[in-house]
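According to Swiss-Prot:
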ACT_SITE  Ser123  active site, nucleophile
ACT_SITE  Asp187  active site, charge relay system
ACT_SITE  His317  active site, charge relay system
MOD_RES   Ala2  N-acetylalanine
Amino acid sequence: MAFEALTGINGDLITRSWSASKQAYLTERYHKEEAGAVVIFAFQPSFSEKDFFDPDNKSSFGEIKLNRVQFPCMRKIGKGDVATVNEAFLKNLEAVIDPRTSFQASVEMAVRSRKQIVFTGHSSGGATAILATVWYLEKYFIRNPNVYLEPRCVTFGAPLVGDSIFSHALGREKWSRFFVNFVTRFDIVPRITLARKASVEETLPHVLAQLDPRNSSVQESEQRITEFYTSVMRDTSTVANQAVCELTGSAEAILETLSSFLELSPYRPAGTFVFSTEKRLVAVNNSDAILQMLFYTCQASDEQEWSLIPFRSIRDHHSYEELVQSMGMKLFNHLDGENSIESSLNDLGVSTRGRQYVQAALEEEKKRVENQKKIIQVIQQERFLKKLAWIEDEYKPKCQAHKNGYYDSFKVSNEENDFKANVKRAELAGVFDEVLGLLKKCQLPDEFEGDIDWIKLATRYRRLVEPLDIANYHRHLKNEDTGPYMKRGRPTRYIYAQRGYEHHILKPNGMIAEDVFWNKVNGLNLGLQLEEIQETLKNSGSECGSCFWAEVEELKGKPYEEVEVRVKTLEGMLREWITAGEVDEKEIFLEGSTFRKWWITLPKNHKSHSPLRDYMMDEITDT
């Protein structure tokens with residue numbers, strides 16, 4: 001029961017997944033099984049070198065960035081970095097989901113029938129299952145999580161597929177819980193992609209042939225197996241040690257020197273890993289801890305054992321049948337740092353140092369959770385919320401009553417309230433910059449970046465306070481000294497807040513903010529090729545409503561002919577910004593606002609055809 005509560009799968013589903021994974025060896029691409037309310041898709045593994053490291057990929061680890069259009073969630077929202085995956089595994093997925101196969105139609109049928117879908121596979125078939133699950137989540141589940149059933153991904157001895165961003169994105173979207181990866185203690189396959197291609201290229205073809213269960217037996221005297229195992233674990237050791245140094249903030253001089261010129265594998269564990277020993281199953285869902293365990297569970301206790309482990313690493317890849325059959329007789333431990341981890345790690349042969357590193361990874365996650373709690377305590381405090389409320393409910397309305405709005409009032413800063421607003425602006429910036437610092441250093445849980453309450457607060461803050469930052473920037477003439485606000489002055493806290501909001505509202509449609517923006521611009525019929533428009537709008541403020549005033553400031557000092565495309569783009573975006581709450585309609589059309597004063601100077605022909613003419617009818621009539 002504890003296992004099912006943690007992973008969402010029971011023994012029967014695991015048994016059926018393994019059975020389907022075996023059947024996939026006999027099919028081309030994938031095998032489908034259906035029983036009751038569950039449909040299982042099992043993927044055929046390959047033991048060809050090209051299906052582990054794509055021969056056309058020249059990088060040291062065969063990696064490639066995911067397509068942002070096809071996988072819009074698989075990135076860091078704030079920084080915008082896209083997840084990296086193994087290209088050979090990705091090509092296997094692309095071959096499966098090719099419209100010429102029956103796979104997509106079969107998935108569609110299961111979706112319409114409201115059946116739970118399980119993706120599974122052994123070895124590299126498990127890698128395909130992982131990517132197929134992400135494909136399903138992006139294509140179906142994210143559109144309406146209340147309608148589409150949660151998928152499950154169950155793998156047996158699968159290699160690592162994606163990088164830390166891949167793992168982070170799954171955590172942020174709360175998808176990590178859908179992935180359960182079974183690993184026997186010495187199985188080499190989950191460690192293979194931690195090695196450089198150059199380290200294993202000579203021995204990999206032979207070892208893959210030995211890993212194929214359709215081969216008769218492992219050649220235990222084969223020196224190439226020992227060479228392969230040694231190379232993989234040497235690179236795994238470097239990756240694990242570098243990772244723990246980054247995690248704890250310590251630095252071993254030799255590792256610092258190594259990392260400066262030696263490329264390290266980008267691949268990292270994702271989801272829940274279930275390590276198996278003779279006595280127990282040990283479940284871990286902390287990616288940093290799993291990485292350490294992939295190295296330290298594969299170590300020998302003495303010289304005699306060391307000589308046997310390379311061949312055990314092959315045999316263990318063939319032992320998942322035994323694992324599945326014996327699950328009901330084994331103890332179950334969840335390695336979360338709350339309970340004693342000694343017995344679990346002892347069974348897995350983890351050394352004292354290894355236990356320290358695993359514990360450090362678990363403790364680091366606790367610190368992330370504590371950091372999040374502290375942030376929540378701060379932003380829920382009455383004095384914090386009062387700062388936002390004062391700007392929103394007192395300062396802004398009083399400025400609007402004077403017919404010039406809070407942007408223009410703050411830009412001049414002649415009143416005592418303007419000074420008070422500046423103090424509150426600085427105090428709020430301090431809080432949000434502290435959060436940003438924690439995000440950049442990965443010192444918050446993955447889920448935080450996608451937390452709806454945080455996104456709402458950050459959006460409220462951005463919409464309300466960024467105009468004050470823009471006013472302050474131009475009041476001090478920084479645009480003349482430093483350059484345009486959008487190019488040189490925009491604080492990162494607003495960029496992160498903007499991207500978080502855009503991701504939240506667009507992900508149900510599987511869309512990317514950048515593409516949505518350019519589609520809107522293209523629909524404005526500006527009379528230029530899109531490439532020309534993109535060059536013209538580079539670093540403009542038309543991509544975000546809270547940057548409205550920055551764009552106005554840039555446009556008002558330039559001849560209309562020079563900025564016509566930017567003017568029309570700004571006008572074309574404005575109505576939607578007003579509807580969405582990005583721009584305050586009452587603020588920008590006030591009699592004394594910078595925007596209104598600038599707009600009335602535009603050519604009469606432009607004004608008479610402007611989408612804003614209804615708002616500015618008096619000005620058009622007067623001119």
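Using the three backbone atoms N, Cα and C, a Cβ is placed for every residue, glycine included.
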The residue listed as 'N-acetylalanine' and Ser123 (active site, nucleophile), distance between Cα atoms, whole Å: 26
Listed in sequence order, residues with CB under 8 A of Ala2 (N-acetylalanine) and six or more positions away: Phe332, His334
Protein Cβ atoms within 10 Å of the residue listed as 'active site, nucleophile', excluding its own: 32
Spatial separation of Asp187 (active site, charge relay system) from His317 (active site, charge relay system) - C-alpha basis, Å: 5
Cβ atoms near Asp187 (active site, charge relay system) (within 10 Å, other residues, all chains): 29
Mapped DSSP class for the residue listed as 'active site, nucleophile', helix or strand or coil: coil
